[in-house]
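One structure is given below, encoded as C-alpha cells.
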Amino acid sequence: MSCTWIAFLLLLGFVSCLGFNLDAEKLTHFHMDGAEFGHSVLQYDSSWVVVGAPKEIKATNQIGGLYKCGYHTGNCEPISLQVPPEAVNISLGLSLAAATNPSWLLACGPTVHHTCRENIYLTGLCFLLSSSFKQSQNFPTAQQECPKQDQDIVFLIDGSGSISSTDFEKMLDFVKAVMSQLQRPSTRFSLMQFSDYFRVHFTFNNFISTSSPLSLLGSVRQLRGYTYTASAIKHVITELFTTQSGARQDATKVLIVITDGRKQGDNLSYDSVIPMAEAASIIRYAIGVGKAFYNEHSKQELKAIASMPSHEYVFSVENFDALKDIENQLKEKIFAIEGTETPSSSTFELEMSQEGFSAVFTPDGPVLGAVGSFSWSGGAFLYPSNMRPTFINMSQENEDMRDAYLGYSTALAFWKGVHSLILGAPRHQHTGKVVIFTQESRHWRPKSEVRGTQIGSYFGASLCSVDMDRDGSTDLVLIGVPHYYEHTRGGQVSVCPMPGVGSRWHCGTTLHGEQGHPWGRFGAALTVLGDVNGDSLADVAIGAPGEEENRGAVYIFHGASRQDIAPSPSQRISASQIPSRIQYFGQSLSGGQDLTRDGLVDLAVGSKGRVLLLRTRPILRVSPTVHFTPAEISRSVFECQEQVAPEQTLSDATVCLHIHESPKTQLGDLRSTVTFDLALDHGRLSTRAIFKETKTRALTRVKTLGLNKHCESVKLLLPACVEDSVTPITLRLNFSLVGVPISSLQNLQPMLAVDDQTYFTASLPFEKNCGADHICQDDLSVVFGFPDLKTLVVGSDLELNVDVTVSNDGEDSYGTTVTLFYPVGLSFRRVAEGQVFLRKKEDQQWQRRGQHSLHLMCDSTPDRSQGLWSTSCSSRHVIFRGGSQMTFLVTFDVSPKAELGDRLLLRARVGSENNVPGTPKTTFQLELPVKYAVYTMISSHDQFTKYLNFSTSEKEKTSVVEHRFQVNNLGQRDVPVSINFWVPIELKGEAVWTVMVSHPQNPLTQCYRNRLKPTQFDLLTHMQKSPVLDCSIADCLHLRCDIPSLGILDELYFILKGNLSFGWISQTLQKKVLLLSEAEITFNTSVYSQLPGQEAFLRAQTKTVLEMYKVHNPVPLIVGSSVGGLLLLAIITAILYKAGFFKRQYKEMLEEANGQFVSDGTPTPQVAQ
C-alpha cells in the first residue's frame, strides 16, 4: 500500500528523493511484541514509520494494533484509537495509506466480524487520522446492517394420479419438515397442489393469520389427474406471488416444485412460463421424485423449471422416502440466499465485502478495496467528501468475475490528464488481471486491462504506479506476481507502461529475483524510492519475503528509461546479511521520504515482528583525467642508434581526480580515502617505460581527499631502446574510494557509485618522421615466389611456402600490411619470423645493412564476393622505415582433396595506415602449375597358373592358363586410369596363347585390343640369355582397359585366361621356358602424378613355368633285368655245388652232433633190427 502513497506524493510534487545505495550494516530496528508487527509499514509525514500489527490482541473481540516509530528516538509508541465495540476482530493495521497537503493517515481493518442470526459476515472499517494521529473519521461511517431476511416461499406439489396416497402423505410430511426448519418471523409460506386443475390450499395471508401454521396442511387432499406443471407455475406467479395473497414487495421469492414425472396433457410450454418467473425475480427449486428422472428428457425438464445454474437448484431422489435426505440441503441453500434481491449467480452482495483490504488516497477521497463483495468478485468504495460512497466494480461488463478478488490491491495513476484508479484481481479466472478505471460523468468505468498467464500466480497481488521522470504523469505500473512459479525462482514483477490512446495494455520487461529460490514470493511488496542514482529516473524496491527459507530479501532496481526498469537489480539485501534472526524480510515496504534528516531517502522494510529502517549513503563520483607534457615522445628519445641507451625522460604525467556528489547534497565537504594505482603499458610483456619514482612500471599512492579536483604529477623514463614505436605507451589508472564516516550523522559513510568506472587509460604517442608536412608518403612494393617448387602436387605437397618481399622506397610506413589472396583448398598455417634490411644505394645498387628480426601477426578471413580466402600479415608495432626491405615466409596447408584446377593463382597486395593510394607496385600475382597426387597400384594376384609340364608326345595338345592382376586405388581422390596388358600370342607363326580378358567388377570398363610385333628376331640367342617368352621376341596382344573413374579404395580384378599350345616350345631348344604377361597402369600425367617413391607399383608381371620331358618304354628294361637275374643265380648255384658246399657241411654237422652225445656218458641208443 505504501507504493501507491509514494506515487501519489510524486504526482503532487513531493520533494526529490536523493541517494543511491542502501546501507545494510548500520540499520535501525523497531521491534514490538504485537502479533504480526511489521505486516504493513508506511513512511508518514517525513517523520514517522507507521507499523501495523493486525493480529495483536488488544482486548476481547478486538484484534489489531497500530504503532508510530521514530528514527531519532529508536522507539515505537502505540496509536490509540476509539474502536467501536461492534468492530469485532477487526485486524487493524492490515492495510495503510497516507496523503499529503494536508497529511492524512488511513489505517484499515478488513475483518470486522458482523453477526446476523446464524451467519457471521466479514466487513471492514478504516480510521482517518490527522498528522498528530488524532482520530478524525471512520470509513464506512456506519456499520452495515444485517441483510434483509424476508422470504416468501411457495410449495407447488404434484397431486396427479401417478402418485400413490402413501407417497402423497410422505410428500406432505416433507413440506411440513421444511416449513419447520425455515420458520421464522420473516418467512411466510403458501401451498398450491396441481394435477390437470389447481387448488390453493393456503396463501401467505392464511399463513400469517393462523396461530398454528402447520395445521394448514391437515386439510390437504390429493387431486389426481394429469400433470399440468407449466400451467401450475403460471398460476403460482399470477395468484400467489401477489400482494392480494399476502406476498411482500421486498421479500425474496422462492418457489419449490415437487413432482414425480414429466408434465402430461399441458399445452403450455416452459418457454412461455419461465421468463415470467424470471421477470418476477422468483428463485425456483425443482425436486424430482422417482425413477422417471433417470431419463435424460425428464432431467432436462427439471433443469427447465429450476433457476440457473441448474446444478445448484435441482434435486433428484429415487422415491418419496428419500425426500427427508435432502431436507438439510434445501434448508442450507435457502438460508444462503437470504439477503439477495435477485436470483443471480451471486450468493452474497456486501455481506463479505472486507472493505479496507487495500487502500489508497485520491484527490476525491480515500478508496477502499472490497475484495469480498458480490461473492468475492470484488470492487472498491470511493468515499468523496460529504457525498455518498461510490462502488467501483466490473458489473457493467457482463464478465464472470466470481472469486476474482478485485480490489486486492489498489494504486492511483495520473493518466491522459485525469486521475485513474488501478485495481488488482489476482484470482480472476485463476490467473489474475489488473484493471484501469477512469471517471466519466461521475461514473467509474474500466478502460484497459492486462491479464496474467499462469494459474495460481496471483497476478496483481501488489501494484505500484511509477512516474519515471517526475513530470506528474504516471509512466508505468509495476504488477507483482508473487506466486509465479519457475523451477529455480518464485515470483516476478511485470513492468507495464501505461497504454496509449486506442491501444491495448501490455507488459514489457519482467523482473526476477535471484536464482535458487522457487518459493521466494518475489513481488509480494513494491515501493517507489525516487531517483536514487542521479539519472533523473525513478528507482524502485521489491520485496521477496520467501527467499532463503522465508528469511527474505529486498531488491533495488533502477529506472532504465521513461517506459522501462532495468532488468537486473543494482543491489540485493538479504536477511542473512542482518545480524538479527528475522523472517519474512521484505513482506512490506515503504520508501521515498527522508526520515533521518540527512537529505537522503530512506527505506522501511517490514518483517515478522520487526521493522528495519535502511538509510541510503551519499554517493561520490570520480572523473579522472591524465595529461602528458610533452604530449608525444620525441624521436631523439626513442630512436636509438645503438642497442643500449641510457635512461631518458619521456614525459611528465599529471593525474587528476575530480570528486563530486551525485546528486548534490547539503552534507558539506565529504571526505574519502582514495587509493590509486598507476601502471605503464599494462598487459605488455616487455617494458618500454618506467616511473622515475619507483624505477618500475607500477606506482601506488594513497590520499585522503575532499570534494573538487586533486592532481598528482609523475615523471616517466625510457629505460632502453624500444622495438615497438608505433603503439602509444599507455598509462592505466585504477582507483578505489572508501568514504570517511560522518560523525554528525551517526557515522553515515559516503561511497563510490557502483556504476562508476574505477579505471582510466591515457595514451602517450611516439613522434612520427613524416617530414615538414607531417604526412608520411610511403612507396611500397611487393613480390613473392615459391622457393624450390615448380609444380604443386596436391596430395603430395602438404605445405606451400611463399617467400614474400616488401620494399619501401618512400617515407616511413605505419601499420604496413601484406594481404595474400588464395583459393579455397589452401589454409594459412604460419608465418616465419621475418627479416628487415636497411638499404643503401651505392652505384645504382641497393646494399643490405642493419638486419634485424620482424614479428608479424596474421589473420585470415573469407572473401565471399570472389570465393577466395585472404590472409593479412601486419607489422603494426614496427615502423617500416623508408629505404627498408622486409622478407618473410608464409606457409599454407594444402588440403589433399583440394580442387585447384591446372594452375594456382596467388595474389598479394601491400598497404599501410598512411592511406597512400595504391600503385601497380603494391599488387603482385603469380601462377603455379598444379597436379594431383594419386596412389594407384597393380599387382599379380597369387591365384594364377604357376607351373605346367608336358612330354614331347603332347606337343599337339593345349592347356588352360590363367593370369590374375589386382588393381587398387589407395589415394585420396578418384582418378581415371587405363590398365594395359601385354601377352605373347604367337611365336614365328605358331600359336602360343589364345587369351581373353575379363573384368566383372566394373561394367563401365571398356577394353581395346591391338597386335604388336616383336622387337627382336634372334630367338635362340634370346633364349640362351633368358628363357622367357615375352613381347620382345613374340607377337603380342596389347589390351587397354579404360576405367572412367577409379574410386577411392576401389579394388578391381582382371583375369587373362586362354588355351596355351606347346608346339612352339621346340623352337626355343629349351626344356624349361617362362611365359610372361605384363600389366601397367597409366593416367594423364599432365594432371595426375603418382606419389613419389611409389612409381614401381604402376607395373606388374606374372610368369608361368613351362617344362618339357621325354616318355621311356619300360618292357625291354623289365625283360632284360629278369633274364640277367636268372642267369646270375644259376652261375652262383653251380659254383657252390662244385665246391661241395651242400654235402660236406651236412655230414660234419651230423658227426659233431653224435660226438657230443657219447662224451656225456649216456648210452647210445640201439638201432632196431
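Here the Cβ of each residue, glycine as well, is placed from N, Cα and C on the backbone.
What Swiss-Prot says about this protein:
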- 1-19: signal peptide (SIGNAL)
- 23-78: repeat 'FG-GAP 1' (REPEAT)
- 79-138: repeat 'FG-GAP 2' (REPEAT)
- 341-392: repeat 'FG-GAP 3' (REPEAT)
- 393-444: repeat 'FG-GAP 4' (REPEAT)
- 445-505: repeat 'FG-GAP 5' (REPEAT)
- D467, D469, D471, D475: Ca(2+) 1 binding site (BINDING)
- 508-566: repeat 'FG-GAP 6' (REPEAT)
- 571-631: repeat 'FG-GAP 7' (REPEAT)
- 1117-1137: transmembrane segment (TRANSMEM)
- 1140-1144: motif 'GFFKR motif' (MOTIF)
The repeat 'FG-GAP 4' (393-444) touching the repeat 'FG-GAP 1' (23-78) per 3+ Cβ pairs under 8 Å rule: no
Per Cβ pairs under 8 Å, the stretch of 79-138, 445-505, 508-566 packing most closely against the repeat 'FG-GAP 3' (341-392): 79-138
DSSP residue counts for the repeat 'FG-GAP 5' (445-505), split into helix, strand and coil: 0 helix, 31 strand, 30 coil
DSSP helix/strand/coil residue counts for the repeat 'FG-GAP 4' (393-444): 6 helix, 26 strand, 20 coil
Fewest Cβ neighbours within 10 Å, where candidates are the binding-site residues D469, D475: D469
D471 (Ca(2+) 1 binding site), number of other Cβ atoms within 10 Å: 11
Environment of D467, D469, D471, D475, the listed Ca(2+) 1 site - residues of the same chain whose CB lies within 8 A of the CB centroid: V466, M468, R470, G472, S473, T474, A538, R562
Helix, strand and coil counts within the repeat 'FG-GAP 1' (23-78) (DSSP): 0 helix, 33 strand, 23 coil
Count of other CB atoms lying within 10 Å of the CB belonging to D467 (Ca(2+) 1 binding site): 22
Helix-strand-coil residue split for the repeat 'FG-GAP 6' (508-566), DSSP-based: 4 helix, 31 strand, 24 coil
For the repeat 'FG-GAP 7' (571-631), the mean pLDDT of the predicted model: 92
Number of helical, extended and coil residues in the repeat 'FG-GAP 3' (341-392), per DSSP: 4 helix, 21 strand, 27 coil
